[in-house]
Every structure is written in C-alpha cells, then in structure tokens.
Amino acid sequence: MADNLTEEQIAEFKEAFSLFDKDGDGTITTKELGTVMRSLGQNPTEAELQDMINEVDADGNGTIDFPEFLSLMARKMKDTDTEEELVEAFKVFDRDGNGLISAAELRHVMTNLGEKLTDEEVDEMIREADVDGDGHINYEEFVRMMMAK
C-alpha cells in the first residue's frame, strides 16, 4: 500500500515520524504517541494509545517502526479526511475559536509539535494558504490547503 506514495510524501512522512520518535531510536512508543497527541490538544487514554499502536504494529513488538508508520499513513490518505476530521484539525489551530488561524496560532501549534519555525517561515505558510489575502487562514482556505496535499 505504501507503494502508491510519492517520494515527496515519503519524505514528509519521515519528517512527521521523527516528530513522534522523540528519542530518535527509530520506533514510536505509546508514550511518544501520547506526547504528540497531547501537544495537539487530544487526551487519549493509555488503552486508546495501545489500540492505535496495535492497529499498525505488523510485527507485534508493541512499537511502530517507519515502514509500519508509512503503511498507516498510506491507509489514512486512502480514507481521505472526512469533513469532521478537518473541522477537528481546524479547531486545534484556531485556539481562540474566532474562525481564523493567525500566524501566532499557527506558530503555537507548530512549536508544540517540536517544529521551531522563524517568523518568516510562519508568515510564508500563512501566505501560501491565505487565498483572500487577509493575513489569516479561514476554514475554506484550511480545507483547500489540506486537500492539496
């Protein structure tokens, strides 16, 4: 299933994997998965984390390695984001609930994910998605950006 991914997608997933793999040992544990999910405003139980790992843990060793992660991501992409998932993702970024994602909100979420971005990088991300040029990302722009991936 991971065969359908482009080199660019694989490179993006490698970057995402390393955000999860906090200690850099090449595997994602339930603890590491929990850390990332909590930084995104989720609050999974230990059992839910274990279920998520088990769902993709092909060799049954209790952790996710990169090939297993790729397979999970390929599956998720095939199921493309539902409206509900997009709304939830938008809410993670739109911290004050005003229906717009500001540069500060974007920087906050990216920092929580361990991505230290310069102001220029954050501004560039906003500019890329900001179709109407108001300096913020609204829901329609967010959906367009997510679907373009």
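The backbone N, Cα and C atoms fix where each Cβ goes, and this holds for glycine too.
Model, not experiment: these values are computed from the prediction.
Among the candidates Glu88, Glu105, the residue that Swiss-Prot annotates alongside Asp94, Asp96, Asn98 as binding Ca(2+) 3 is Glu105. The closest partner of Asn61 (Ca(2+) 2 binding site) among the binding-site residues, by CA position, is Glu32; the full candidate set was Glu32, Asn98, Glu105. Using Cα positions, the member of the binding-site residues Thr63, Glu68, Asn98 nearest to His136 (Ca(2+) 4 binding site) is identified as Asn98.
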